[in-house]
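Participant: Sharing a structure with you now.
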Amino acid sequence: MANSLLIGETQLCSQESGWWTMLASHSLLSSCLYLQIRKRKREEKAVREKEKTAWRQRHQSEFQDSQNYTEKEKENKRKKKGEEEEEEEEEEEEEEEEEEEKKDYLEHITAIGPRTTGSAENEILTVQYLLEQIKLIERQSSSLHRISVDIQRPTGSFSIDFLGGFTSYYDNITNVVVKLEPRSGAQHAVLANCHFDSVANSPGASDDAVSCAVMLEVLRGMSVSSEPLQHAVVFLFNGAEENVLQASHGFITQHPWASLIRAFINLEAAGVGGKELVFQTGPENPWLVQAYVSAAKHPFASVVAQEVFQSGIIPSDTDFRIYRDFGNIPGIDLAFIENGYIYHTKYDTADRILIDSIQRAGDNILAVLKYLATSDMLASSSEYRHGNVVFFDVFGLLVIAYPSRVGTIINYMAVTAAVLYLGKKLLQPKHRNADYTRDFLCGLAITFISWFTSLVTVLIIAVFVSLIGQSLSWYNHFYVAVCLYGTATVAKIILIHTLAKRFYYVNVSNQYLGEVFFDTSLFVHCGFLVVLTYQGFCSAFISAIWVAFPLFTKLCVYKDFKKHGAQGRLIAFYLLGMSIPYLYGLYLIWAVFEMFTPILGRSGSEIPPDVVLASILAVCVMILSSYFIKFIYLVKSTKKTMLTLTMVCAVTLLLVCGGVFFPYSSNPASPKPKRVFLQHMSRTFHNLEGNVVKRDSGIWINGFDYTGMSHVTPHIPEINDTIRAHCEENAPLCGFPWYLPVHFLIRKNWYLPAPEISPRNPAHFRLISKEKTPWGSIKLTFEATGPSHMSFYVRTHKGSTLSQWSLGNGIPVTSRGGDYFVFYSHGLQASAWQFWIEVQQVSEEQPEGMVTVAIAAHYLSGEDKRSSQLDALKEKFPDWTFPSAWVCTYSLFVF
């Protein structure tokens, strides 16, 4: 249950003692310095205002003494103009001060350091700083509003279908909740959510301190506003999002204010800085998207990103899922997406986030929250829950949104127009002494053959590059991918169509062939549009663009093409008409690679990134080239083009094979590091009798990309294939202390022998009781104590099944591979973790036991996090790597 209580600074400090008080004092000192800086800024501003006033009075007096009535009249006009300019200057100064304020919030939070759940940095220092700023905001707030503050420390459990599925348990984690409402109160509220915790070893500026800084400034702006609110706004600063969304679950399922929430805005990050993208909305509730589009000053949204994210292709999730699934509340999910190369690394620092980016996000969030807090729709949001919405931005300038049912009508209108155009031709038995239907079908077959052969070609190249150990050569130089895979795709497409033109379409008019292949391309895009629309994809609007605009352009120039052929004027008009789908296609492709390229550097050791990137790039080239295939049949020769493309591809391939393009970079301005996880661990294995049968220790090494340790070995020779880790077949998850169940993504591990570790706060695990239930199952009750992060693993033996447990909703959820994974975390002053599992036996006689369980303790903060061997190994890693290191223990038992 949640420990919710209204709390002030004194009450918070009184709960902590000893070194906690010392840390809180450090935070108080920082806050005092911060207040002094703010006071000095206000004093300097007051001095400047006095000087301006004195200047105006002095010059006004001079004018009054020396000018006549007419001159005074002119002076008044000039004075009025000057006052307007001064007001504008004051407004600009206020805006600059607000921007500095947001930057100050961000810098103060990140200066605390990495903020993992359960650490003093997260639970004391950051919470104390947030409370101090909220208290200052409350003092300055308007009398129209009322601010309430609550510190929630919930305990709970849930299962989630993420990373193959697992169960999460949390105890006494921290939420800082602020409610801004009209003085008379409110029955409905909109929620704004950010998280102040970070992953281990990262300052977490973009993920997600900047969002908390924005929310503080938005809270300040709304609290001093003279505009009355109709509904409340709840600001949730949650302290355990990086623990797989635990804090948001604690709030929405246990906090008393959760019942007021009718909609939410979640602020997240998948990169560092840039524009914040709306990449999830709903479910349903199209009014929310319309509210965002209407209110946001700089809207930036894409339904394509929403459908890609919700497909599960991207190995990430946000609090949006929790509010949607456990609160049944609609919302908007925003995230910074640029520069994902340094996401969750030590480079995610405040200085890399531009003030313009913070200001833009603040303007948008403030405007949308104000809109929702004064909207009649919020109070009865369930009445507007009908259908999805198509939304997309136009080159970052504006966002277009309309209901998906309207989109379906538009799509089928485009299909109808295309069918009428093609049907008119196909129903004619002859077309200029040629069988048009036959040529159309042959053209369709040749198009698919060219696409298939080009895809096979780039995949062969990608597999070859991966096998020779040169994968990710484009990671730091994206043009390499274009020169290697893009040119190969285009060259193969041109080659197939050139051969068809020379050997199949003999003595056939080039103009006629150009018309045939335009129609085949139109038919293919029309087919894509029908399939996507039928399947209910809102992103089908892209195919609609690729059908409607080319068809319209074709109809406009059709007669002139027939009379005069491919003249320069007609080609120019054709290209102009095609510019909309092509420019928008290029814009989307840029966005796709902006998001996916960094992800391929942290997608695990089992997915060849070159194969993925080559496939995506080939498909993009096929789409972009579709309507240009006709020009292959209109031009006299394609030899020079094919030769140039082939040479570029061949030279790039030779350079890649020679290792010229190194994947990673330590450039301070734009780092692209290799991610490596180092865990100094000690393992203990027990048998059924409780005796220790195996004990070892070492540094467990995991590279988070396909190249493994191949680039690291020359710098650290001891990390080589002779120390590859081997799976313990009888242990859950291969007997290793996985922090999350990503074992199916990373199967290349290294285990460097190292001395045994002895944490000052060792983990303890014991069986409290073993009893038989009336329905014949065996109930095992356990107790565990240890650091703030632990993982619990279960594997049932042959003849046994796990029927229920005291976690989640009571139904055990298996991870990928059939084992069970439980992610545990706690805040400060947590009690021992007690839980039970029930094992159903098919047979009474099981000499090898019913179940194998294991528990891993992860020391992500404090003194136990480090070891001398771990520090020494980290120092050996080159500067283009980001080794994230911590200490852990692993104990296995059989029952």
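Every residue, even glycine, has its Cβ placed from backbone N, Cα and C.
Grabbed the feature section from TrEMBL, which reads as follows:
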- 48-62: compositional bias 'Basic and acidic residues' (COMPBIAS)
- 84-101: compositional bias 'Acidic residues' (COMPBIAS)
- 175-368: domain 'Peptidase M28' (DOMAIN)
- 48-104: region 'Disordered' (REGION)
- 409-427: transmembrane segment (TRANSMEM)
- 439-465: transmembrane segment (TRANSMEM)
- 477-500: transmembrane segment (TRANSMEM)
- 512-534: transmembrane segment (TRANSMEM)
- 540-558: transmembrane segment (TRANSMEM)
- 570-593: transmembrane segment (TRANSMEM)
- 613-635: transmembrane segment (TRANSMEM)
- 642-664: transmembrane segment (TRANSMEM)
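So where do these features actually land, and what's packed around them?
Facilitator: Outside the transmembrane segment (409-427), and at least 6 residues removed from its termini, the chain residues within Cβ reach (under 8 Å) are 436-437, 440, 519, 522-523, 526, 529-530, 533, 540-541, 543-544, 547-548, 551, 554-555.
Beyond the transmembrane segment (477-500), the same-chain residues lying 6 or more positions past its ends with a Cβ under 8 Å from any Cβ of the stretch are 446, 449-451, 453-455, 457-458, 461-462, 465, 517, 593, 597, 613-614, 617-618, 621-622, 625, 629, 632-633, 638, 641-642, 645-646, 648-649, 652-653, 656, 661.
Here the transmembrane segment (613-635) has Cβ contacts under 8 Å with residues 447, 450-451, 454-455, 458-459, 461-462, 474, 481-482, 485-486, 489-490, 493-494, 497-498, 501, 505, 510-511, 513-515, 517-518, 520-521, 524-525, 546, 550, 566, 578, 582, 585-586, 589, 592-593, 596-597, 600 of the same chain, all six or more residues outside its ends.
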Participant: State the non-local partners of the transmembrane segment (570-593) in its own chain: residues 6+ outside its ends, Cβ under 8 Å from one of its Cβ atoms.
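Facilitator: Counting only partners 6 or more residues beyond its ends, the transmembrane segment (570-593) has Cβ contacts under 8 Å with 302, 304-305, 394-395, 478, 542, 545-546, 549-550, 552-553, 556-557, 560-561, 564, 616, 620, 623-624, 627.
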Participant: May I ask for the residues of the chain that lie six or more residues beyond the transmembrane segment (512-534) and have a Cβ under 8 Å from a Cβ within it?
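Facilitator: Same-chain contacts beyond the ends: 407-408, 411-412, 414-415, 418-419, 421-422, 425, 431-432, 434, 436, 439-440, 443-444, 447, 497, 501, 505, 540, 543-544, 546-547, 550-551, 554, 561, 566, 626-627, 629-634.
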Participant: Per-residue pLDDT averaged over the domain 'Peptidase M28' (175-368) comes to what?
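Facilitator: Mean pLDDT for the domain 'Peptidase M28' (175-368): 94.
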